[in-house]
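The structure appears below as structure tokens.
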Amino acid sequence: MAAPEEQDLTQEQTEKLLQFQDLTGIDSMEQCRLALEQHNWNMEAAVQDRLNEQEGVPSVFNPPPSRPLQVNTADHRIYSYVVSRPQPRALSDAKRELRFLLVYLHGDDHQDSDEFCRNALCAPEVISLINSRMLFWACSTNKPEGYRVSQALRENTYPFLAMIMLKDRRMTVVGRLEGLIQPDDLINQLTFIMDANQTYLVSERLEREERNQTQVLRQQQDEAYLASLRADQEKERKKREERERKRRKEEEVQQQKLAEERRRQNLQEEKERKLECLPPEPSPDDPDSVKIIFKLPNDSRVERRFHFSQSLTVIHDFLFSLKESPEKFQIEANFPRRVLPCVPSEEWPNPPTLQEAGLSHTEVLFVQDLTDE
């Protein structure tokens with residue numbers, strides 16, 4: 001796998017670069033950047049390595065060999081020691097996908113390393129096996145990450161391969177291959193290790209599938225419960241809204257009843273006031289009296305005498321005070337047919353008297369109901 005092209009530095013990397021230069025006293029910014037890149041921008045590791053070199057302690061990092069390891073897979077899951085994916089990520093991939101992880105530690109200075117890479121590890125049949133049945137991670141032990149893995153695996157010689165898998169819910173080394181090995185033997189031993197441990201992965205897959213099914217079932221139950229809860233809440237909300245609507249409706253009806261009662265009461269009080277304020281009825285032998293017969297909208301008739309000098313308003317007040325009269329009405333004369341101006345208006349601010357209105361000693365007037373208009 002070829003090394004990725006250099007990219008512009010991030011702000012964090014620029015700050016680390018300046019800090020590293022300040023701590024180490026290296027004048028060349030390019031050399032500082034190279035040192036940090038070799039240690040994967042780990043400031044502490046890069047500074048410690050620089051201090052070790054100044055004290056004569058061999059560096060844990062050496063430049064990659066002239067013939068770098070080239071092992072590529074169809075899904076790009078092969079990890080080379082030239083540009084390696086962090087080992088914890090490889091372990092995480094293998095654990096998540098329940099696959100075997102083959103770890104290769106490359107000893108740069110070992111005499112068998114290059115031959116193993118060229119003849120065994122890069123053999124087509126080996127690559128095919130790796131592509132189809134496992135993940136692969138490789139790193140030079142001269143790199144910090146490779147060195148840390150070496151300290152954990154404690155290999156005795158090189159080339160070194162370790163097969164790691166999830167066993168008993170732990171990532172466990174289930175096979176170790178050390179020393180130079182031919183492609184056929186490598187394939188046979190890797191196949192033997194995988195076949196001997198395949199049952200653990202199958203068991204873990206079944207357990208994981210069962211856990212997933214249980215989780216899915218629980219999730220479905222939770223979703224069903226939540227759906228039922230939401231439905232119940234929606235029903236309760238609609239019930240509350242319906243109760244509130246009925247309450248408001250009942251309150252509105254009650255308010256209307258109270259308003260109607262107040263209106264009727266006010267109307268009755270007004271009728272009583274009008275009745276009390278009416279002038280006395282003239283006697284039949286009074287020559288200035290007018291006998292008026294009123295025909296009400298309900299076909300009933302009412303008769304009363306008024307004085308010629310009285311305002312037409314008195315006629316209106318009399319009719320208004322009657323229980324059977326409508327709330328709003330107008331009074332019409334028949335000959336000639338006209339509406340009498342009994343209440344103040346823009347045309348008649350002061351209604352005329354009976355005499356001014358042209359009424360005779362005996363009149364029949366009609367009461368027109370205007371309540372619904």
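Numbers here mean position along the shown chain, with the first residue as 1.
Glycine is treated like the rest: Cβ placed from N, Cα and C.
No curator has checked TrEMBL annotations; they are predicted automatically.
Taken straight from TrEMBL:
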type	residues	note
COMPBIAS	231-276	compositional bias 'Basic and acidic residues'
DOMAIN	285-367	domain 'UBX'
REGION	227-289	region 'Disordered'
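Per DSSP, the secondary structure of the domain 'UBX' (285-367) breaks down as 10 helix, 31 strand, 42 coil. Secondary structure of the compositional bias 'Basic and acidic residues' (231-276) per DSSP (helix as H, G, I; strand as E, B; remaining residues coil): 46 helix, 0 strand, 0 coil. Mean pLDDT across the domain 'UBX' (285-367) comes to 90 in this model.
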